[in-house]
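> First the structure, which I've put down as structure tokens, then a few questions once you've had a look.
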């Protein structure tokens, strides 16, 4: 059994994941001044590493299961997800104007992170039966309501970023599910015209983020500060970077939240263009592999699962890296595998586990 | 067939998905390339600006020494409090805490920070902080990350108000001044926070005294807290200058002026000017102008109250009255008139002239209306008889008075190396014509002969005039700086006596003048009572100059010892009334200090403390000396 796993598993995915987590842990160490004397060993690095080890075990464990079982559990997972998101709204702790965390013993978990993967499973189940049948608006009603409810709950936390990730996943999976392109065109056109209305349901801090994104200089010491300092960090890294632990922007705290949302800026500053491009290539390889897994998968459920995972990772990379470079507004979306955050790491690792599982079963059927 | 259709559709959708992902990564990669490769330099400069702060270090200013090597003006270490700007507005909490610790208004600190818009140099908030405050700020260090405490050399005037107008004062360069200086000389060593001389010798010798400020380049974190020192440029201390001032004479002069003004202020005296010269060189031994100010106020950063107090003082504490004050010379001018009359043989020393209380041509009288009867030259000078000198004026004519006044250096600047010297004026028909477009009258010649009319002289000019009498006629340019050092302490420039001209008057005539002045301090002279029992032979002249703007100015000019002059002292008390009563005691006290004559008042206080007999025995021999 183990031998079979060893032989059949997708080594590209594993290598990329390991390298990304390794780069992430080093970057978190740098961002939390792990190298400076007088500072205790960074508990964040330790936490991230401990959870990585646990996650590796999880990933291996997943290989002994059949991802098709998830299909049977999907309804339960859907209810669990809804309950979890409701729990956040009622018992969660808030930070930075958003209520996203649930305290669970020594760790705080961020249910919206897990909910992304859980929703991919639910959507895959839901869309599998509608594959190639999505050619009227009527056929879209149930899927939209099915996905819309959790999106609304996440949006109410409020977590605009995660609700956007849901949408990205949903659109990606709808697309692969063979939705009629005419429907997409109509929805996109209407969406563009409805966009201004969205302004009225945004919270003040969200509106400000968007305004500041347009022009960071309107609030250089407030919400524009992140963007300005992040751009300085990345830009000043130039081609080769200032060297690990030598980034002045991150080491001297000019860059806030640099171990979570702005970890890419730390990499940009300390490892330069070369480091950033390596990270982007690794992420691209992962996403490419997930599309490939989806493409080569023989059953629609696995195909949709892999597509969902690929869409999630791709959208997160776009929003997070784009944000650090000032081409995307600031949202609390982490960079997959690299940002500190055990909920996000666990979610992404389990996603990789599922991807590996799908890719391996495909092989099994072929040979 | 259906299957293959499905397959094609599936393939193309995955292709589209792949190209979308590809497109996203290409955009991210291009953006990275643009920022890091193309615009990297721009962001690098921004990052450096974020983290690096140039902290200027003020160079210690050069010391001013007196003629015996005593420090007159120096520097002392002082704690200064600065705020390290971090590009963000000041944290309100931090501001409130700092204001409380420094006992200042938060608005005042905020204003200083706001005024300092450009650059990232630290903003000096408070100078010369007491140890208590430094300690309490240190205790709250973690709450005040952007605040730095530095030890800086602070200009220090150990004698506080002494010779304030001569020494001048210093102040931090303002942003406007800095811009101006930099525009004039791009290579200037003056930078933000540099201390500049503002007045007096501090200003005149600023380039010598200032030195070169250094600085350290600090790395700071986002809150402005210094993290590491990156680079350091050491300061070059300013060079020293040596003055001709004798601190003991200066001190005595200051005390004498203060004592006398305390007495006379109630009767309307508004100020005083005193200068002591070495008549054989022109070296200034003491220079006092009252009222004065305390230059330490400026060194520490003057408060509004202090500034208003000085600025609203209508007696001009910033004016160096010794060189800038122009006063009618009054009776001491009789030296000029007398010299001219004798030299031009308009009178013989023995000719007796009768003073009936008024002159026979024009009804001009003595100051108090007294009539002194028959007088020869010596008596007339000693008793300062106006009628006698009206007659001298009558015989000389204004042209000759004018000529001799100019021989003595009146009406032109002495050329002392100080800023703001006035030239005074010599009364002449031409002057009157020019200014008032009026004819000259004989009565004005009479007035000019006794130092009134349009005559104006600075106390320094009078000191030079008397020096010529004392030394036989050489007009030395007064000077106050004897040596400027190189940074290593070797002399860079040495200043000595400078001969401006010799009075074309024979010695026998000068002797007659000197004898007359000698008799002023003898019994029967106008200052006879003042110098009664004084062990040193003093030649002097009192003066009570009429003042169009108020009470009479009191003059006393003197040199001593009479036979071998070492010191000339000129004192003027603005609106002090009689010269012998107002300016005279000042001169006597200075001479007492110079010749170490035991002071009469001091003696009584001493006797109170110790055995009377012992004391008198101690003093008597020194009196004989």
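Using N, Cα and C of the backbone, Cβ positions are placed for all residues, glycine too.
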> According to TrEMBL, which stretch among A:160-176, A:211-227 corresponds to the feature transmembrane segment?
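Residues A:160-176 are the ones TrEMBL records as transmembrane segment.
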> Quickly jot the same-chain residues contacting the transmembrane segment (A:183-202) by Cβ under 8 Å, restricted to those at least six beyond its ends, or write none.
134-137, 140, 160, 174-175, 210
> Near the transmembrane segment (A:12-32), which residues from the same chain, at least 6 beyond its ends, have a CB less than 8 A from one of its CBs?
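Residues packing against the transmembrane segment (A:12-32) from afar: 42, 44-45, 48-49, 52, 244-245, 247, 250-251, 258-259, 263, 266-267, 270, 275, 278-279, 282-283, 285-286, 289-290, 335-340, 345, 349, 352, 355-356, 359.
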> Give the nonlocal contacts of the transmembrane segment (A:303-325) in its own chain as ranges (CB under 8 Å, at least six residues past its ends).
67, 70, 116-117, 120-121, 123-124, 127-128, 161, 164-165, 168-169, 171-173, 176-177, 227, 230-231, 234, 261-262, 264-265, 268, 280, 283, 286-287, 290-291, 293-295, 297, 331, 333-336, 339, 348, 351, 354-355, 358
> Counting Cβ pairs under 8 Å that are 6 or more apart in sequence, does the total for the transmembrane segment (A:160-176) and the transmembrane segment (A:136-154) reach three or more?
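Stretch pair touches.
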